[in-house]
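S.K.: Supplied in structure tokens, the structure appears directly below.
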Protein chains: 10
Amino acid sequence: MSDQNTYAGLTQLGQKADLPASPEQAVLERVPNPQADVDYCVRFTAPEFTSLCPMTGQPDFAHLMIDYVPDRWLVESKSLKLFLGSFRNHGAFHEDCTVMIARRLVELLEPRWLRIGGYWYPRGGIPIDVFYQTGAQPEGVWIPDQGVPPYRGRG
Amino acid sequence: MSDQNTYAGLTQLGQKADLPASPEQAVLERVPNPQADVDYCVRFTAPEFTSLCPMTGQPDFAHLMIDYVPDRWLVESKSLKLFLGSFRNHGAFHEDCTVMIARRLVELLEPRWLRIGGYWYPRGGIPIDVFYQTGAQPEGVWIPDQGVPPYRGRG
Amino acid sequence: MSDQNTYAGLTQLGQKADLPASPEQAVLERVPNPQADVDYCVRFTAPEFTSLCPMTGQPDFAHLMIDYVPDRWLVESKSLKLFLGSFRNHGAFHEDCTVMIARRLVELLEPRWLRIGGYWYPRGGIPIDVFYQTGAQPEGVWIPDQGVPPYRGRG
Amino acid sequence: MSDQNTYAGLTQLGQKADLPASPEQAVLERVPNPQADVDYCVRFTAPEFTSLCPMTGQPDFAHLMIDYVPDRWLVESKSLKLFLGSFRNHGAFHEDCTVMIARRLVELLEPRWLRIGGYWYPRGGIPIDVFYQTGAQPEGVWIPDQGVPPYRGRG
Amino acid sequence: MSDQNTYAGLTQLGQKADLPASPEQAVLERVPNPQADVDYCVRFTAPEFTSLCPMTGQPDFAHLMIDYVPDRWLVESKSLKLFLGSFRNHGAFHEDCTVMIARRLVELLEPRWLRIGGYWYPRGGIPIDVFYQTGAQPEGVWIPDQGVPPYRGRG
Amino acid sequence: MSDQNTYAGLTQLGQKADLPASPEQAVLERVPNPQADVDYCVRFTAPEFTSLCPMTGQPDFAHLMIDYVPDRWLVESKSLKLFLGSFRNHGAFHEDCTVMIARRLVELLEPRWLRIGGYWYPRGGIPIDVFYQTGAQPEGVWIPDQGVPPYRGRG
Amino acid sequence: MSDQNTYAGLTQLGQKADLPASPEQAVLERVPNPQADVDYCVRFTAPEFTSLCPMTGQPDFAHLMIDYVPDRWLVESKSLKLFLGSFRNHGAFHEDCTVMIARRLVELLEPRWLRIGGYWYPRGGIPIDVFYQTGAQPEGVWIPDQGVPPYRGRG
Amino acid sequence: MSDQNTYAGLTQLGQKADLPASPEQAVLERVPNPQADVDYCVRFTAPEFTSLCPMTGQPDFAHLMIDYVPDRWLVESKSLKLFLGSFRNHGAFHEDCTVMIARRLVELLEPRWLRIGGYWYPRGGIPIDVFYQTGAQPEGVWIPDQGVPPYRGRG
Amino acid sequence: MSDQNTYAGLTQLGQKADLPASPEQAVLERVPNPQADVDYCVRFTAPEFTSLCPMTGQPDFAHLMIDYVPDRWLVESKSLKLFLGSFRNHGAFHEDCTVMIARRLVELLEPRWLRIGGYWYPRGGIPIDVFYQTGAQPEGVWIPDQGVPPYRGRG
Amino acid sequence: MSDQNTYAGLTQLGQKADLPASPEQAVLERVPNPQADVDYCVRFTAPEFTSLCPMTGQPDFAHLMIDYVPDRWLVESKSLKLFLGSFRNHGAFHEDCTVMIARRLVELLEPRWLRIGGYWYPRGGIPIDVFYQTGAQPEGVWIPDQGVPPYRGRG
Ligand SMILES: [Ca+2]
Ligand SMILES: [Ca+2]
Ligand SMILES: [Ca+2]
Ligand SMILES: [Ca+2]
Ligand SMILES: [Ca+2]
Ligand SMILES: [Ca+2]
Ligand SMILES: [Ca+2]
Ligand SMILES: [Ca+2]
Ligand SMILES: [Ca+2]
Ligand SMILES: [Ca+2]
Ligand SMILES: [Ca+2]
Ligand SMILES: [Ca+2]
Ligand SMILES: [Ca+2]
Ligand SMILES: [Ca+2]
Ligand SMILES: [Ca+2]
Ligand SMILES: [Ca+2]
């Protein structure tokens, strides 16, 4: 069912790709869903997300988890990695940035459903988490909890 | 989508702000929700909450978690931190205090939905937890469990 | 909103109170719910419960968790502690004892809803847990899982 | 509410009882439910179950968890322990054995509802779990997750 | 209800079986369901799955969990182990491979319901999970969460 | 090597024994060490210890762990259980009580070495642990860490 | 061995004691060591420590653990609690404050040995821990690891 | 260095072997150590050990871990499994049984060093662990902690 | 004992400081050790370290932990944070980079002892950890394990 | 200090490299140690190791951890990965295979010290771990525990 020609038009897979300078310059790519006749969920866990605080210029860090139910397209995983890496020198607030990533993926993939969890590292002792999904979970599709343990402080 | 002018009227962000003397004197501030056209959830985890027992004057401690689905406003996180810090010399019972924090936020933010979990440190060997939400969870919005492990005593 | 006069009639709070000799002699006390106009849940975790086996007279131990949605009354926490302590020299079977504690609280508090989890220490290698609630969880009130990990034996 | 006469007819409780030679010879006993006018759930956790593989005669091991909502009867716990111990020299497949235990209990207790989780130790690197219940969970009764962590291999 | 003759036609059980050279050559076998008159769930946990990346030829690894509600047939566990082992030198993408395994089982067993969770080891720092089920969970059957903890990176 | 006559003089094993009224009335018993020609360590874990506070009369709870290297005698485990149970209505400070238990065992067993860890449940938010051993660990004997996790408060 | 007269001179135990306004005003009290003829270790775990940052006036939080081997004196635990509480409105740097607490205890108790672990909540994403002891651990005394898990960030 | 002829004399490997009726009848087998010119440690973890109580005839269970530094011989792992399985219908006390297993292995293998940890399931609420080694750990050989978490009771 | 003038010469504390463009441009600052007459250990945990791979230009991530025993100087924590942040756009191999950070600190602080643990996120499925210290741990100073759990892959 | 020319002679880094057909054909490569003037430890964690059983031809799996103190050479990490991958179709016993990997690395790197932990997945319910090091740990070098949790079976 998988077909390598599927990947013929991709520009980044198997290449040495530079980190894009900004989210705008990052090129998210997609490939046909080889199992498009059934509903299933794909989860990406990205524990290495970093952006800049728009107020102070200092780095922010987050653990991101993305779940989606593909329709005709899958996101090509290397382009996703480069897209996430492109926030490295970009300023964005936590709430805005998390939802924005989801929206870029929705625009590209037109998935049946998508959600993102942004688990941000604490600043001032109080971490912020942001949870967004495109709507109610589709019926009959299996989408487990993300199961990230809560922040505990110390001790 | 984020806009730094958004923050022009704020009185505390980026300032060296003294801890307010009481919850009444604390000024909770809000900023426009940059993603107000979608439903999403914002979670604050505050493992450093402390107030005083109204009967004995001794310190009480709690791990607080707040989830809300913003409508037009987000809470400005530094003002939230100062508001929570303002309970430091304030006496309040566990049940009352936890619900009161939620109500101050509801009054300010008029959120689509909000909840608070107050996980209080044990006194006399028996910790109290307080769970409040403004009503049933909104349909189609993703709000994960808070996932705080139960108190276990020793061993 | 909290009012210390509320506590004027209490007989045990702030006193050096002896452990009651039996559950029958224990006086559970109640105070007005300061947030009675909203629905919320209060959880007590009591990892220090002990009673006697009615067949052998040997001590039994349990980790108890009680969740309730108050209506007009809150249980006064010191009287709850003394009530639980009053089982120390009392014989009762696990199933009966756990449900009985719930019923005493229901009688006193007339809560909107209440449940109890009794997680008993193993005897003969096989622990018993007892789970009771007064009925289906009320709609729109937030009541998290109790989240006690299962017994694992050794290793 | 508990009554020691309740236990008058029991043959094993408080006796030195030999391990029955087979499940067929084991005598499961029951006692009246002292809280039969309410719905509650009783959980047994048996981390010490062992039987024999019917193909090879080698020992199999399982961690069993049983939840039930009693109607008129409770299972007497010592007879349950002896019943489970009676599989020690008995050959049965994982799926068959787990469901069979549930059925013996259902026959004896005629409970409002019952389930069993059989978490079998790995053979050939791939453990099998078996989950059976008599039907949908009864409405309004509290039955927590069994919460056994998944098998992880090593590392 | 269990019957050893049931296993008379099996070609692999109790034999020294070579690892099949490919999924196509692997022979999945089935046996009659000894408890076919009730609905229950069988879970296989396979922490030792490995295949090859179709682009680079490098090994990929996954922790797989399969849940199904049998109808007339159970999968014979040794043939399942050999089938999973047959991916050892086979190239397949994560999404495609996970769903494909489910489909082979569905074709053989015609179960009442089946799902698979594929928890793939990270490549480039970002693991992919794939979750597929044949449809909504059947009513009244007990199917616990798979409970695999999320990937956390380091620290 | 084990010999049931060894146990001929014991007064409590296999008997229905009442809980002794005080530590003074409890009879700790010993049996010959069947492996006395080698050095090894025996560990008892007693998560169900309870005594009374000598100042307030309120119950105290502890998780106790005892390690010893026997010489000629082993403690008979049922008598140890009854001895620990005899503190149920006895008042003693944490430091004193923990060390006292060790000393009673040393007096009886004259072991090559012994230690006790008393992990007391928190009072006033600050638990006390007490660690005592009779001297440096004997050379060449294996005595693992007790490994009790530290108290964490909440969250 | 314990003697209630021991506590006759104490000013705070069993009293309703106000929180001292500063560490200087706090009165640490001591009682005779009832087991002074043996070496043992006493551990206090204080997960509720809070002070103020001397630069910003904002609250700091720490989880403190204190281990000591008493000589002639034990610290009276309620006075320790009040002493730790007295830092509530006091400014001190992490390193200085942690070591200072140890020194106050050393001055009072003249213990055979003492150590303190200060596990501070993160500021700017990077927590600081401070570890101090009066010298090498005494030979032959049992002092377990403190076992506080490291800070992990998120995810 | 490994040589399949090494295994030519073994009687059980690759055979369908019946469980021996007693430890005395079990045949522990050995194979030449293929890396005998270096010192290293081999660890077996046996979470499925069961024997009978010599006093009551009821089953006992243990989690066993064995570490040894081989000299000329390795234990053949299938014969070890059958040897451990042979205790299934054998009565032995915890202390005696654990040390006896070690001694059988020492007699057969004449290892440079060996130890056993027996982590027994609780009876009467108080589990017993037994730790034995043949002497001090050999210098310069790496032997990690066994790391079994302590028994915790419930909660 | 602490003295705010101590901080008079610092250039970054309390300032809005830009992230330095490279480790070379970062200015590590020091302050006098307020407790220089005793030996103690300071630990920094930095879960947010990121640099670039010198071969591919892709981001690398690490969880860093630094322990040191100060002599006359403490590192000023904000300058440490900026120094660590300065690797954001800098290429360095794991082994080289980890040791280099330690050496910059040693050069500045001339500590009695220092170590660094670099726990790098996996690339190609195999994470690298780097452990460096300036020499044997000083006698009599308390330096706990760093206690980072090992990488486990999935499942 | 790092120098890309260092890598000029490498044959595999940055190339699309096929998996070697056997350990004998795998080419382990080395690069100069950029920090050779100090002693430090490098740890590789390889949770994805697989080989074949020499008796049955079935796959075996292990979680491997390698620690070494380099002298003049570091192992090039991609060649290490390919070397480990080359065991995929190779038969070797657990003890032999684990020690053999260590010896290949020792031969190549001539390190100051090296150890390997092989944590093998269970077969027949009893996993084997193999621990080897080249000799006593070098003085003054920091080498943390590997910290792999013990195998627990189920429950
Ligand atoms: Ca397809
Ligand atoms: Ca917007
Ligand atoms: Ca009110
Ligand atoms: Ca176990
Ligand atoms: Ca009744
Ligand atoms: Ca693993
Ligand atoms: Ca981390
Ligand atoms: Ca003997
Ligand atoms: Ca906490
Ligand atoms: Ca004394
Ligand atoms: Ca993380
Ligand atoms: Ca407990
Ligand atoms: Ca000073
Ligand atoms: Ca795994
Ligand atoms: Ca160099
Ligand atoms: Ca178990």
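Counting starts with 1 at the first residue shown.
Using the three backbone atoms N, Cα and C, a Cβ is placed for every residue, glycine included.
So TrEMBL says this about it:
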- G:Cys53: active site, thioimide intermediate (ACT_SITE)
- G:Asp60: active site, proton donor (ACT_SITE)
- G:Val75, G:Glu76, G:Ser77, G:His94, G:Glu95: substrate binding site (BINDING)
S.K.: Which ones are near the residue listed as 'active site, thioimide intermediate': of the binding-site residues G:Val75, G:Glu76, G:Ser77, G:Glu95, which have a Cα within 10 Å?
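M.R.: Checking Cα-Cα distances against the residue listed as 'active site, thioimide intermediate', none of the binding-site residues falls within 10 Å.
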S.K.: Looking at the binding-site residues G:Val75, G:Glu76, G:Ser77, G:His94, which ones sit with their CA no more than 10 Å from the CA of G:Asp60 (active site, proton donor)?
M.R.: G:His94
S.K.: I want to check the contact list for G:His94 (substrate binding site): same chain, sequence separation of six or more, C-beta distance under 8 angstroms. What comes out?
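M.R.: Spatial neighbours, sequence-distant, of G:His94 (substrate binding site): G:Asp60, G:Ala62, G:Gly118, G:Trp120, G:Ile128, G:Val130.
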S.K.: Would you list the recorded positions among G:Asp60, G:Glu76, G:Glu95 that come within less than 8 Å, Cβ to Cβ, of chain I, in the order they occur in the sequence, writing 'none' if nothing qualifies?
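M.R.: In terms of proximity to chain I, the recorded positions that count are G:Glu95, given in sequence order.
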S.K.: Where the criterion is a Cβ under 6 Å from an atom of ligand 7, which of the recorded positions G:Cys53, G:Asp60, G:Glu76, G:Ser77, G:His94, G:Glu95 meet it?
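M.R.: The qualifying recorded positions: none of them.
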S.K.: Of all the Cα pairs drawn from G:Val75, G:Glu76, G:Ser77, G:His94, G:Glu95, the residues the record ties to substrate, which distance is largest, in Å?
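M.R.: Answer in Å: the longest Cα-Cα distance is 25.
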S.K.: With H, G and I counted as helix, E and B as strand and the rest as coil, say where DSSP puts the residue listed as 'active site, proton donor'.
M.R.: strand
S.K.: For G:Cys53 (active site, thioimide intermediate), just give me the three-state DSSP call.
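M.R.: SS state of G:Cys53 (active site, thioimide intermediate) = coil.
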S.K.: Would you count the other CB atoms within 10 A of the CB of G:Cys53 (active site, thioimide intermediate), including those on all shown protein chains?
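M.R.: Within a 10 Å radius of the Cβ of G:Cys53 (active site, thioimide intermediate) lie 14 other Cβ atoms.
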S.K.: May I ask which of the recorded positions G:Cys53, G:Asp60, G:Val75, G:Glu76, G:Ser77, G:Glu95 have a CB within less than 6 Å of any atom of ligand 5, listed in sequence order?
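M.R.: Checking each Cβ against ligand 5, none of them comes under 6 Å.
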S.K.: So how many other Cβ atoms are close to G:Glu95 (substrate binding site), meaning within 10 Å of its Cβ?
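M.R.: If we count other Cβ atoms within 10 Å of G:Glu95 (substrate binding site), we arrive at 23.
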S.K.: Looking only at Cβ atoms, how many others are within 10 Å of the one on G:Glu76 (substrate binding site)?
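M.R.: There are 22 such Cβ atoms around G:Glu76 (substrate binding site).
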S.K.: Sub-8 Å Cβ contact with chain F: please pick out which of the recorded positions G:Cys53, G:Glu76, G:Ser77 have it.
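M.R.: In terms of proximity to chain F, the recorded positions that count are G:Ser77, given in sequence order.
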S.K.: When you measure from the Cβ of G:Ser77 (substrate binding site), how many other Cβ atoms are you left with inside 10 Å?
M.R.: 20
